[in-house]
Ligand code: AMP
């Protein structure tokens, strides 16, 4: 199964990605988590990424694409993967198409979690209090929503045009959202 989990910051991608990946026996690949791990280890990639992350901006495509390409090449991702937080730009969509085509497979589905905007802000404020993520300050939260609307929301139309986009209501309890995602994906033929 080759899946993408999309949705605005605060939609619950990270939480759901783990459940969905386990369900299908594929690794959850979160570009945000990989960047954060590099930031905390102080690697050159982390140093480069941090200034963008702290500002709520996207890390440049060349950097992000190379990182994902390397991760997808690892053995555990051969049977499939679930991408959380990638692609986020049209250039990344094109790059991912190339990566998947190279392996002779196809993208099976793009799950988009929809959550109402006021709920998103509340969730992120709550996460700021509990997880202490560096980019969960009010200004940065707002900027990340804007960047999502400008650069990432248009991707939904692209995948809708390909007929592989599944919109799932991301409101309510975590377990209920997981069930909705499973119900939607269990009917998707796996490549
Ligand atoms: P996330 O944990 O997915 O919210 O990502 C946290 C931050 O990492 C984002 O605000 C970006 O700065 C950076 N990031 C994660 N994924 C990408 C991506 N696909 N393209 C560019 N920047 C990204």
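From the backbone N, Cα and C atoms, a Cβ is placed for every residue, glycine too.
Quick caveat, the model's predicted, so the values are computed rather than measured.
Among the candidates 69, 71, 106, 127, the one that TrEMBL lists alongside 10, 11, 12, 13, 14, 15, 172 as binding ATP is 127. Close contacts with ligand 1, defined as a Cβ under 6 Å from any of its atoms, occur at 59, 86 among the binding-site residues 11, 15, 59, 86. Put simply, 127 is the one of the binding-site residues 10, 12, 15, 127 whose Cα lies nearest to the Cα of residue 133 (AMP binding site). Remark: of the binding-site residues 10, 12, 14, the most isolated position is 14 (fewest other Cβ atoms within 10 Å of its Cβ).
Least packed by the Cβ count within 10 Å, out of the binding-site residues 15, 31, is 15. With a cut-off of 8 Å between CB atoms and residues at least 6 apart in sequence, the same chain places 5, 6, 7, 30, 84, 85, 113 near residue 13 (ATP binding site), listed in sequence order.
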